[in-house]
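Copied over from TrEMBL, here are the features:
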| type | residues | note |
| --- | --- | --- |
| DOMAIN | 59-359 | domain 'Glucose-methanol-choline oxidoreductase N-terminal' |
| BINDING | ASN147, GLY148, LEU149, VAL150 | FAD binding site |
| DOMAIN | 568-596 | domain 'Glucose-methanol-choline oxidoreductase C-terminal' |
Amino acid sequence: MTIPVGFITRYAIPLVVATLFLGDVDIPQQFKIFDKTQRLSDEVLSKAMGEGEGPPESFDYIIVGGGSAGAILANRLTASGENRVLLLEAGGDPNPILDVPFAQRYYWDSDMDWNYTTVKQSRACNLTGGSCIWPRGKALGGSSSVNGLVYNRCKPKDYDLWANFTGDQSWSWANVKDTFNSFEDYHGFYEETAGANHGYGGEMYVGKIDHLPGVEIFEEAVREKGIPIGDLNGGEEFTYGFSKIDYNIKNGMRCGTYQAFLEPILNRSNLVIYRYAYAIRIETISLGDLTYRAVGVTYERHGAIRTALAQKEVILSAGVVESPKLLLLSGIGPKEHLQELNITTLIDLPVGKYLQEHPGMDVVGNSGGFRFNTTFGKDYNTSEALMQFLQNGTGPMNGFAYETGYAPQLMGGYLSSPHNQDRSRPDVHVYIHEHYTPPPAEKEEMYFSVELAQPNSTELLDWQDKPLIDPNFYEDLNEVEILADGELPASKIIKSIFCKVIIVQSLLLVIEIMMDLFMNSTTFQKFGIQQMDRLLEMLDSREDYALLPPRLHLPHGTKQHCSCCRFKLNNLRVIDASVIPFVPSGNTNLPAMLIGARGAEIILSGQ
């Protein structure tokens, strides 16, 4: 069944935008109204059509989760028409308001967010009482329907490490590059020189934001300091330095995996999508000798509990929290913990014990950043800006904003601290933000954020009534340095409103580089840049959708690590970011998409 929301996206978006930014409306309330209306519509239509009623339905494949990986799997597995696929998604269709990137900030606390938080951290998220937000998309398209749309392949060496760790060279950069290119339609900042480094004609559109006020000035300052600029998504040729950021934005609108891979195929007769279907348990049968076979999934939808059967395979693509949770609830996990939960253990595995995330911080002052004596930006809340966006998808509304004004990411970068001399895999990820505040308190600022690209700390996912996510941020004391009265120049600037600031050494040393760039470049001095008076501590978990390898190192079925065979559970695969052995060096949406595409290749090749 298809809920016809396409007409909303095509015809009502101009009205939505006008209402959002020129009208006096309660945006969170609009979100709630849409979510409730869509859920009710789905319930009425599904009951009218008798979906899931009667004997258990049978499919070739059941995919749990229609996010960054699951959407691609559903697309690829149904392309030939030979396979009948059921896609179970806990959320609904993405709210069309979020098709406008400018509205991304409104999704927080909506029904499109799982609203996870971590357990209290002793060395992070002090501004929120030690509990860090853990945003995850709950809708078709998953986190790609709510994220900041940054297109980041991470570093080639990340994939070589995966390949070496698993002994499977099909996961090396030389091989996965072709998979990236296969689903890419590249029209980003480096299109003229991209050549074979990018793909063309694939489903996933890669575009750019045209309104980046001040980016030329920042580029000039970077070059003055001898830091290279190029395409950081281009492969081995350029891995260190800064890059203009490419986005999954097409004609000014969001292009997540829902828009790219699901929306165009909603009418395929061999694809059945059950929205608001929450997977409860993987159904298995015993084959003897402690060997099992996955035969289906039990799920709850609109108050009814039903089971669907899979003739070929059950595929978990529910994400880094929900996939491990479903394994645990199905008896696959640490035996001692399952016994505590009164769950019969089928397979004793360390599920949920190898979570990783990119800890980082925004380097901002009390006033918001490095302030200039001129302005680069312009007011986005005008009829002219609205008309420019409606006519051709450009201008200040083709970007991102916060409550106090327009705040695009001008550039992204990878820098190496003195701890890491390998420029092919730098250890710190950097973003540069321009922040324009319109009148009457008009001002122009820039600030930057830094995050650890390869964290050492491993983390824990537990499950009782709700997920207990414990990232153990900064618990590896080999990584951190406690600054109270340090002698480094940056430590004289970074004075927290708290008694101490805890900063990863690598981040601190790269902050030194960035502070030098802002304060000592003649380029910025021409604009009367002002030193930050005091920095607020913002140690947090960046929302890069990092991942959880539950020791299922690759999607089941790969040659050397056939976890289904190795762990005596047949016909079950995990194909999402939770199978990555080491967190990649940046935003994880693209690696998750890669895993979905590679997983489909593996299945369709008969492995």
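Backbone N, Cα and C atoms are what each Cβ position is placed from, and that goes for glycine too.
Same-chain residues with CB within 8 A of the center of the ASN147, GLY148, LEU149, VAL150 CB atoms, the FAD site residues themselves not counted, are GLN104, TYR247, ASN248, ASN587, ASN589.
Within its own chain, the domain 'Glucose-methanol-choline oxidoreductase C-terminal' (568-596) has Cβ neighbours under 8 Å at 65, 67-73, 143-144, 147, 150-155, 158-159, 161-162, 165-166, 176, 179-180, 183, 204, 257, 282, 284, 287, 289-295, 310, 312-320, 323-324, 327, 332, 346-347, 356-358, 414, 425-426, 429, 453-455, 544-550, 552-557, 603, counting only residues six or more beyond its boundaries. Per DSSP, the secondary structure of the domain 'Glucose-methanol-choline oxidoreductase C-terminal' (568-596) breaks down as 11 helix, 5 strand, 13 coil.
Taken together, the residues in the domain 'Glucose-methanol-choline oxidoreductase N-terminal' (59-359) have a mean pLDDT of 91 on the 0 to 100 scale. Other C-beta atoms found within 10 angstroms of the C-beta of ASN147 (FAD binding site) number 25, with every protein chain shown included. The Cβ neighbour count for GLY148 (FAD binding site), using a 10 Å radius and every protein chain shown, is 17.
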